[in-house]
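Listed in Swiss-Prot:
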COMPBIAS  1-17  compositional bias 'Low complexity'
COMPBIAS  47-60  compositional bias 'Basic and acidic residues'
COMPBIAS  69-143  compositional bias 'Basic and acidic residues'
REGION    1-143  region 'Disordered'
REGION    47-101  region '4 X 11 AA approximate repeats'
REPEAT    47-57  repeat '1'
REPEAT    69-79  repeat '2'
REPEAT    80-90  repeat '3'
REPEAT    91-101  repeat '4'
C-alpha cells in the first residue's frame, strides 16, 4: 500500500475518530441530561409523597392555611423542576454547539491531511521524474 494511501487512510480514520468522539459526547451529554431530569422529577415526586404521607391525616384536619402551604410547596417544586429542565436544555444546546465545533474541526483536519497528502504525492512524482531523467542521462552518456 502506498504512503499516500496510508496517509489518506490515517486521515480518514482520524476523522472517523473525531466524529465518533463527538457523537459519544453528545450521547453521553444527552444521557446525563435525561438522568438529571429523571432524578429531579423523582426527587420532587418523592418529596411530594413524603409530604403527603407525613401530613395525610393532619391535612384533613387542618384549615385552609395548611392546604395553602401544600399548594405553595407544589408550586415551588414545579418551579424548581422547570428551572432544572431549562438548565438541562441550555446544557444540551451547549453540548450540541461543542459537537458542531468538533465536527467542523475534524473536517478542517481532514482537509489539512488531504492537502498534505497531495503535496507529498507531487513531491514524490517530481523526485521520480528527476531520477528517471538522471538515469536517462547516464544511459546516454554510456552510449
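Using N, Cα and C of the backbone, Cβ positions are placed for all residues, glycine too.
Confidence across the repeat '1' (47-57), taken as the mean pLDDT and rounded to a whole number, stands at 76. Mapped onto DSSP classes, the compositional bias 'Basic and acidic residues' (69-143) shows 74 helix, 0 strand, 1 coil.
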